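Some features that TrEMBL has for this protein:
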- THR192: active site, nucleophile (ACT_SITE)
- ARG220, VAL221, GLY222, ASP223, THR243, GLY244, THR245, GLY246: substrate binding site (BINDING)
Amino acid sequence: MTPVIAIHGGAGAISRADMSAEKEQEYQQALRRIVEAGQAVLAAGGSAMDAVTEAVRLLEDCPLFNAGHGAVLTSAATHELDASVMDGATLRTGAVAMVDCVRNPILAARRVMEQSKHVLFVGEGAVAFAREQGLELVDPSYFTTEARRQQLERVQREHPDAAVLDHDGQAIVSRGQPAPADPLDADRKFGTVGAVAVDARGNLAAATSTGGITNKQVGRVGDSPLIGAGCYANNRTCAISATGTGEMFIRMVAAYDVSARMEYLGESLAQAADCVVNKKLPTIDGKGGLIAVDAQGNVALPFNTEGMYRGYGRVGEDAVVAIYR
Ligand code: ASP
């Protein structure tokens, strides 16, 4: 079994025309560096869980992506971060939602899985748990970048009622109103992050972390911390991390649906992932994509948007990274 890791940094209307060569290179370098870090964990005999946790921790620390430092802002210009992990060997899982001062929400999610008898902690209780666990806490301003502040101001000026999927103005979750025809701005090129891996023992793991969607109502939680929606892993089938319009991924139970199609219908990873992303989600206007690996080390990275920041690497091979189709 050759271990493999795949990562994503969000999907959406990433317009090639609006992306400068330097910016594109910055993203590609960040994705490559983080895939390689995950490959190194696996090459050293690390578990799939260790590899996905480390990859997502690095993605959270990178200001290019909508998780941790660089996370998007709520309508009240605050941060509410969500994260989850799942271990495919044991079906153990941990998640946090609406945390505003835990530097790496993914580490908190992992501690929930390993050190508590519960699965999901939210808000103040999640922060209290992280503090008890000795995790690093930061002032909420640590997460805010100037680009995020400008993004929120623009969305509030142009579409005060809408909550906007990072980097895709068309994928607005707007109280039932039709989405505007044009992407809101050209520089939304950030996104929710995630990683999936299979290790040398054939164990699968998944991790997802996000700041949510720009201008989201305070208290809104998306798919990222919800097991089965934005994150799922099961050694019998696959490991999945999703990105996109969270409400639709919750309604479709998207991550679990890929696994269930494999288990009940005998579909391949590629067939099941393609069906959920390109056939089922579009029926409820679900936009985004997911990354997936199965127990045989197959990788699928489908998305129904213009682009998805993504990459994967098998141990002993070069990392592959891509943004557009
Ligand atoms: N799925 C995330 C959410 O709705 C957003 C994203 O993928 O960028 O919270």
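Indices start at 1 and increase along the chain as displayed.
Glycine too: its Cβ is placed from the backbone N, Cα and C atoms.
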Neighbour count (Cβ, 10 Å) for VAL221 (substrate binding site):
19
Suppose we screen the recorded positions THR192, ARG220, VAL221 by Cβ distance to ligand 1 with a cut-off under 6 Å; which survive, in sequence order?
THR192
For THR243 (substrate binding site), which residues of its chain lie six or more apart in sequence with Cβ-Cβ distance below 8 Å?
HIS8, GLY10, ALA11, GLY191, THR192, VAL193, GLY194, THR208, THR210, GLY230, GLY288, GLY289, LEU290, MET308
Near GLY246 (substrate binding site), how many other Cβ atoms are within 10 Å of its Cβ?
30
Please report the DSSP secondary structure of THR192 (active site, nucleophile), reduced to three states.
coil
Rank the recorded positions THR192, THR245 by how many other Cβ atoms lie within 10 Å of each Cβ and give me the one with the fewest.
THR245
Validating a neighbour-count step here. Other CB atoms within 10 A of the CB of ARG220 (substrate binding site): how many?
19
Around GLY244 (substrate binding site), how many other CB atoms lie within 10 A of its CB?
32
Tell me which residues of the chain lie with their Cβ under 8 angstroms from that of GLY222 (substrate binding site), as long as they are six or more apart in sequence?
ASP82, THR210, GLY212, ILE213, LYS216, GLY230, GLY246, GLU247, PHE249, ILE250
Around ASP223 (substrate binding site), how many other CB atoms lie within 10 A of its CB?
32
ARG220, VAL221, GLY222, ASP223, THR243, GLY244, THR245, GLY246 bind substrate per the record; greatest CA separation between any two, in Å, is 16
